[in-house]
C-alpha cells in the first residue's frame, strides 16, 4: 500500500541554517517520511532536465496518510527554484530555516575550511576572505547567501507568505520542541513529537534524537567549533546585515533576535 510521492513539503534552505537538524527531527513524526539525500532538482539544471519522474523516483515509499519531505538548502538562494517549484505544485508548503546571518556566514566558512583541510587544500583566514582592501567583501558567496531579504523577494513573487513557514534555527538548536510543534501545526499534522524525543548531548553541545528505542546524533561534521573572529570584522558584518535584516522582518511580519 505504499508508493513514491512527489514531496508535499520542501525544506528550501538556508545552507548552514539547520536544515539537516530540522529534517532529522521531523523524521520522528509517524506521518512524515523524508528523502535520504539532498536532491538538487530545482536548483541544478542538469538534474531538472531529467524530469519529474526522475525526481519522484528519488523519494522514499510512503503511505497515503504520510507527507513526503525533501530538503535542499541551495533552493533558497537559487534564482530558478521558486518558479520551478511553483510550476510543480503552486499550493505546496515550504519550510525555511534561518539563523543569525553573521553566524551563518561564519558557519559557511567553517564548513569550507574543514573540507579544504581534509582535502589538503590551502586555507585562508576568515578575516582575509571577508575583508578586502580594508572593506567588507560583499561579493563573498557566504555573505550573499545571508541576504535573506534579497532571496525572499523572489519566493514571494511565486508563493504567498502563508505557504512559507520560517523556522528559527537559533531556537531549534537550543530548544527544539516548540519550533517543531509550530511545524506540526503548519503542516496540519497531529501533535506527535514530544520532549522525550530529545536529550542534550554535553559532549557535542546540542540536542540528539531518541525515537523507536534508538538514539542518534547529527553527523560529526555538525556543530564544529567556529573560529574566533576579530571583533571589528564582526561589527562590520553586523552593521552590513542590519538594514537587510530589518527589510526581511518587514517582509515576513516577524522579527528575530539577530545582531
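Numbering starts at 1 and runs along the chain as displayed.
Yeah, the Cβs are placed from backbone N, Cα and C, and that goes for glycine too.
The following features are taken from TrEMBL:
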ACT_SITE  16  active site, for sulfotransferase activity
BINDING   16, 17, 18, 19, 20, 99, 107, 207, 222, 223, 224, 225, 226  3'-phosphoadenylyl sulfate binding site
DISULFID  208-217  disulfide bond
DOMAIN    7-244  domain 'Sulfotransferase'
**OP:** Count the other Cβ atoms sitting within 10 Å of the Cβ of residue 224 (3'-phosphoadenylyl sulfate binding site), across every protein chain shown.
**Re:** 11
Original post:
Whole-number Å distance between the CA of residue 224 (3'-phosphoadenylyl sulfate binding site) and the CA of residue 16 (active site, for sulfotransferase activity)?
Top reply: 12
**OP:** Find the shortest Cα-Cα separation between residue 208 (disulfide bond) and the recorded positions 16, 20, 226, and name the residue that gives it.
**Re:** 20
**OP:** Rank the recorded positions 16, 20, 226 by the number of other Cβ atoms within 10 Å of each Cβ, and give the residue at the low end.
**Re:** 226
Subject >> Rounded to the nearest Å - Cα separation of residue 226 (3'-phosphoadenylyl sulfate binding site) and residue 16 (active site, for sulfotransferase activity) >> reply: 12
**OP:** Report, in whole Å, the straight Cα-to-Cα distance of residue 16 (active site, for sulfotransferase activity) from residue 217 (disulfide bond).
**Re:** 17
Original post:
Tell me, how many other CB atoms lie within 10 A of the CB of residue 107 (3'-phosphoadenylyl sulfate binding site), whichever protein chain they belong to?
Top reply: 22
**OP:** Within 10 Å of the Cβ of residue 18 (3'-phosphoadenylyl sulfate binding site), how many other Cβ atoms can you find? Include all protein chains, please.
**Re:** 28
Original post:
Including all protein chains shown, what's the count of other C-beta atoms within 10 A of the C-beta of residue 217 (disulfide bond)?
Top reply: 16
**OP:** Determine the mean pLDDT over the domain 'Sulfotransferase' (7-244), rounding to the nearest whole number.
**Re:** 95
